[in-house]
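Annotated features, as they stand in TrEMBL:
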- A:1-21: region 'Disordered' (REGION)
- A:36-92: region 'Disordered' (REGION)
- A:108-139: region 'Disordered' (REGION)
- A:512-545: repeat 'TPR' (REPEAT)
- A:611-644: repeat 'TPR' (REPEAT)
- A:645-678: repeat 'TPR' (REPEAT)
Amino acid sequence: MAMRELVTGGAACAVPGSSSSSNPFGALANALIGSSSKTQERLKEIPSSTTTATEPPFYQDATAEGRLRGLPGAEFDHSFSHHPTPQGSEFLRGFRTADQNGLADAWDEIQRSGPPPPPPALLDHRIPPPQLQPTLDGPPQRVLSNFLHSFVGTSHGGIPFRPSPLPVLGLSEGDKQCIRDRSSIMARHFFADKSEDFINAQVNALLSSLDIDGDMRAKGPLPGRFRELEDYWNESQGALRPGPPQADGWVAEFSQHRIDHGDPNAWAHSFEQQHGANGWASEFEQEQRLVSAADQMGGANISNLAAREQTRMLAHTLAQNNDPKFQNSKFLQFVSKMSRGELIIDDNQVKPAALSSPGDWATEYQQQYTGGPSWADEYARDQLSHGPDQWAKEFATEREQSGPVDDQWVNEFSKLHVDDWADEFGRQVGEGAFGDGSADSWADAYDEYLNEQVVAKQKSDASRGVYVFSDMNPYVGHPNPLKEGQELFRKGLLSEAVLALEAEVLKNPDNAEGWRLLGIAHAENDDDQQAIAAMMRAHEADPTNLEVLLALGVSHTNELEQAAALKYLYGWLRHHQKYGTLATPELSDSLYYADVARLFNEAAQMSPEDADVHIVLGVLYNLSREYDKAIASFQTALKLKPQDYSLWNKLGATQANSVQSADAILAYQQALDLKPNYVRAWANMGISYANQVFTSASLFTAPSLVPSLASGMYEDSIRYYVRALAMNPKADNAWQYLRISLSCASRNDMLGACDSRNLDLIMLMGECMVLLTPRITAFGALAEGYPDFGKNLHGQEVGKSNMVYWS
Amino acid sequence: MPVFKTPFNGYSVKFSPFHESRLAVATAQNFGILGNGRLHVLSLPPAPASPLTELISFDTADGVYDLAWSESHDSLLIAGVADGSVKLYDTALPPAQNPLRSLQEHTREVHSVDYNPTRRDSFITASWDDTIKLWTLDRPASIRTFKEHAYCVYSAAWNPRHTDVFASASGDCTVRIWDVREPGSTMIIPGHDFEILCCDWNKYDDCIIATASVDKSIRVWDVRSFRAPISVLNGHGYAVRKVKFSPHHRNLMVSCSYDMSVCMWDFMVEDALVGRYDHHTEFAVGVDMSVLVDGLMASTGWDELVYVWQHGTDPRAP
């Protein structure tokens, strides 16, 4: 120990604050002595909350290089040997801190996707330098740092900033890429309110004042906008990322041509040679760069004007925020000054980054295509297929139309372009243009994503109260669809009842009862969105119908839409002849949960024998997630109304949501005893059954304790979901949860069928599953006891999503 | 309450899960846009009036964007670095012998690190290369890469109860829920219309997750029914950078934002904003709550200051 202390010198040899204060002797000692037995003991110590090392020489008491020896392959096992293993040198290379000589090299490494740094530079880092300046004195860092901060500093004194140090900055390509990428990603966080154009202008202003091209491939664009397409093309090019290697190639080539004063035709030819016909997208990207570069050469005046415009916009934004804190923010001043600096730089080559937005490329392409006779024609002639041209044109047109409306892009895009694009993609794949299957899976994922977006859109439409009618309705023209619908509903043939009731409300749009029953049928059929839409129509037809108001409150609670739920529950109270006096009209303007809950508690005190009030209270407590209180309310209501099957279901759902799955199943049992065809109760029971796997109600939980039992439970739940879907194939939730249960039960073979929503196939495979696990549940047997059940239009039964619903 | 001045701009702060007076701060030069990084390990003074003391610091060749304390070794720290590397540090060893390891797999900035609190042998990192990677201490390479997000992944957080489940928040405006035993994500929550910068699980209800977005809001979701958020917390004036549930109170969470404030929320009540702290003079980008001391909070920001204070008190009070 003493020797180690002596040799390593403990903290005394280390220069506080200096990073690489490595002591070669200490390193040697470590290598020789290795770990001590003391360190092993330390490892076994139970961590306590006591402070073991608060003294400033923090690591001195830890004579314990080997404390983490338990980590196989830990680098310091090797790093100080004179012949470092690859791992060891990796470690050293990674730790390059404030080494002044190597800083620039280290920064080069930051250019991650770029070519590897030259090997000689790395040699410098194999052995850390013994002593360092405490300050970072490397040419780039010092100057840049001083530049940035004096920049900020001078702003306070109102001294005009002279960006004279700029030319000597000598930022490496890696640095520039860092600044470009990071500032554009961060700018999208700072300026979320602003348009895409503004953000681009902002970033470009900053970049060009630092003499950085903005048009290299940066990770800047808004999420998902065009990246999928670009990735796809890059993948087809065999490149992992939009690649600087390509760009470098281009740069080299470009400079050659620039020297030659090469005409556009010449470089167009060399592009073809370099990339082949299939690489049109990457060619285009590069062409776009060329175009912008050409612009820089020819149109410097135009760029200057653009830059001034950008600065004006920036100043405008900053002026908008009156918060003194923001006016004083060094960072925002930094951004602002940077962009203003651009106006001053006029003596060295300004490289305006006017085209950095990838979103502009298509437009640019189009302009170039129509306006530029030389390369575009060349290009078009050489492309056998006109698909890409067409696509790009359409894309550009759409881009012009949609402009900066960011949140619309997915819809716009999916509506207008995916087909064309997907065709194009399919054609390319068919031709074997891409060897690997990754493109395929990517395309699937992308389609899936778009579908989700579309579905989500549809849902949000429905939630706004737009009722979506079925396409084919055999009951249209039926003499008395309402009566038929009531009859079907009574029999529990819910999907049929929905059709009949839709026919009724098509015939009599003002029939509140028709809409109400339709809403209830949807709710019991596990479609709250449609239920809400129908109930809202019923509400329009009869604004004071208490049942409608209560149903709307419940449905909105199911959808976790608290404000809407409160509105309708309050409406119920206000229109109730007995409790209407409790409701004060001014309250309806701003409904708070606490107020509404208070009113209903008062109502419950007024007439404790009114089950309806207790039901509403139960719903309210669900809204606030006070499940114990909710259960108590429903139980009180059930004492008054023991025959209400939907009430039993509500109780069960509440119990399930508060992680009492076993109790929940008993409650659902009661509901089903009263109404054997109650789809939602069946569905909920399936869920609770699946949830019994878990100690909590979480659905994706690990079946870690008893894997075989868990897997059996999952398979049971799968059967319920399948039954639900058979009865109502439109239940999106059920599809989603079916998929989860399938993967949890390791039925990956069925996932494909699930994704394609092929219920027949799933049921076929499900037969095998049941045979494999002969676990006929009591509930399954019960279902078979009711011949009506499972013989609706589609032939079968039940299941439901995981957050248990009630109606 | 104690303050510490960092030479670089603060990026993240985390309390040690083992020592109640210890915390670590990740910093980056030039706002993380370009330059070096430094990791500080700080100690709370015995008396609240004295400043925080630095126990040790480690330098890196690029900004440190996030860090995580190991849940298994009290001295082990994991740092996510802007050059794409993930570095392991033993704070009981001098800087010369650190980092223990530098794991270079991410191709872009590593923006978040989270240590598995239940299994204690693994951690996940989220990166601007659109992926999340799963690592264990005993392997020199990542175990799995999760690549589904279409844009930068800003944050990934383990579920506090289920060892295999984690959530990730991305600039593609979605949160994804993953089970490491499954081939793909289990759930996709299109949580916001703008980029999502952070997500965290409720420590008491394993189905509840909070998301922080560029749209200035925090939303609280029940993963069992994610069509609509349970709650939307408005009050920040700019993008919300981080959100973190309280380890001690089910309904409390803390957030920090580009509006330079740190806010405490109770997502179950109408007036959700419980407290607002305006002590930072630049973007507040790092915040944490101590697991060991109820109500002890820490924050850091681009004003190069680290504050530690008790909830309800003024962080700037001497």
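Glycine is no exception: its Cβ is also placed from the backbone N, Cα and C atoms.
Beyond the ends of the repeat 'TPR' (A:611-644), by six or more residues, the same chain brings 546, 550, 553-554, 557, 562, 565-566, 569, 572-573, 579, 593, 596-597, 600-601, 603-604, 650-651, 654-655, 657-658, 674 to within a C-beta distance below 8 angstroms of the stretch. Model confidence over the repeat 'TPR' (A:645-678) stands at 81, taken as the mean pLDDT rounded to a whole number.
Secondary structure counts, DSSP: the repeat 'TPR' (A:512-545) has 27 helix, 0 strand, 7 coil. Under DSSP, residues within the repeat 'TPR' (A:645-678) fall into helix, strand and coil as 27 helix, 0 strand, 7 coil.
Counting residues of the repeat 'TPR' (A:611-644) by DSSP class, helix then strand then coil, yields 27 helix, 0 strand, 7 coil.
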